[in-house]
Amino acid sequence: SPYTGHSDAYTINCTGFDLYGVDPNAFQSVFDRKAFRPVINFRVPTLVNISFTLSAILDVVWDNPFISWNPEECGGLTEISVAAKNLWLPDLFIIEFMDVDTTPTSLYAYVHSSGRINYDKPMKVTSICNLDIFYFPFDQQNCTLTFSSFLYTVDHLLLGMEKEVWEITDNSRDIIRTQGEWELLGINKATPKLIMGSSLYDQIMFHVTIRRRPRLYVINLLLPSGFLIAIDALSFFLPVESGNRAPFKMTLLLGYTVFLLMMNDLLPASGTPLISVYFALCLSLMVVSLLEAIFLTYLLNLVTTQPPPMPPWLHSLLLHYLRATDRCNKRSQKEPRGSGPNLIHLPGLMEPVVMATWVPGSSEAKLNGDPGSTRAPLEQEAQGRLTANMWGKFIVILDKLLFWLYLLFMVSSLTTVIILWNT
């Protein structure tokens, strides 16, 4: 039957260890066997138990039947530390490992009196992880760490668990909670076999689920961008006739561009996360807002210098709109609105212009170009002011319409992005 216990033939004589220290010659026969797997019957596989924490410590435990002693004969000595280079070490590696192993070479292992060896190996693992950064900085990642042997098949080496998965998870969570930008959500285990040709290898696969802490990115990226787009929306309340809206929006757009250049290092280097779409959306809204301000400023300047004749369909549509809004205003007020004319001040005109309810009387023919009328120049001037006033009303209405369209598009787009982040 396979040898599973310990025999006096492999018991180390530790007499005098408590008086004179450990005698290296007592372990020399064990050190000479470090090139061979420590088993008495090579048909019996060595069981190697592994554990780890995400602080980069790999814990490996196995039994060496050639090392044992009686603690009572050694002054109560139950374990000693031995240089790892003098012992046989299982050739465990991480399949996803993609960097040069920088583990220190002068490591020690604890050897128990029963022959159990505990080898703690600090490792900085740079592994391949399939990252999904679409929801950055509210992303959750699933990474895999697969432990296997490079040389020994299942006939010679089996992998087991030194600790339960929940213990590994709790220990790792306690360490990660105080450092880094990631939060550990959970660790799951799977034990598939690896088939390479006719050889079968044992392996343990850990699925690590982590979530990014988004506070840094919310404070440095999302909040400033949200404040700037809100200021851009509030700039619509600047009077378009003042001429200050377009320069203000241009300055705001320039500041937002500088902000994006400064914060570019905080974004992922590859892929297209949702936050990039959010920034592109905010930038597009600011550009459209600036173009709207430029167009209205140009139109207002054209109206105040040389107002073109208003197309009949636009004039009729504008009058219908003004009458409808006037009726709504009268219904919303307790007292009827005065019948006086509405006034609007346009740049370039010395006096406020009377708004839109003047109807030609008996002198209508004179307005149509009667050369004999002495009032024609005055009435033509009044008609020009009336046309300019109608264009001014049209610009104000167009400004309100574009503002509500801008606001509707901004709210719907940002709501869509927020909903996607929440999913």
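The first residue you see is number 1, and the count goes up from there.
Any Cβ shown, glycine's included, is placed from N, Cα and C.
Fair warning: this is a prediction, and the values are worked out from it, not measured in the lab.
Here is what TrEMBL says about this protein:
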- 49-214: domain 'Neurotransmitter-gated ion-channel ligand-binding' (DOMAIN)
- 216-240: transmembrane segment (TRANSMEM)
- 222-338: domain 'Neurotransmitter-gated ion-channel transmembrane' (DOMAIN)
- 246-263: transmembrane segment (TRANSMEM)
- 275-300: transmembrane segment (TRANSMEM)
- 401-421: transmembrane segment (TRANSMEM)
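For the transmembrane segment (246-263), the neighbouring stretch richest in Cβ pairs under 8 Å, chosen from 216-240, 275-300, 401-421, is 275-300. Outside the transmembrane segment (275-300) by six or more residues, the chain places 136-137, 217, 221-222, 225, 228-229, 232-233, 235-236, 240-241, 243, 245-246, 249-250, 252-253, 256-257, 260, 267, 346-347, 391-392, 395, 398-399, 402, 406, 409-410, 413-414, 417 with a CB less than 8 A from a CB of the stretch.
Secondary structure of the domain 'Neurotransmitter-gated ion-channel transmembrane' (222-338), assigned with DSSP and counted as helix (H, G, I), strand (E, B) and coil, comes to 94 helix, 0 strand, 23 coil.
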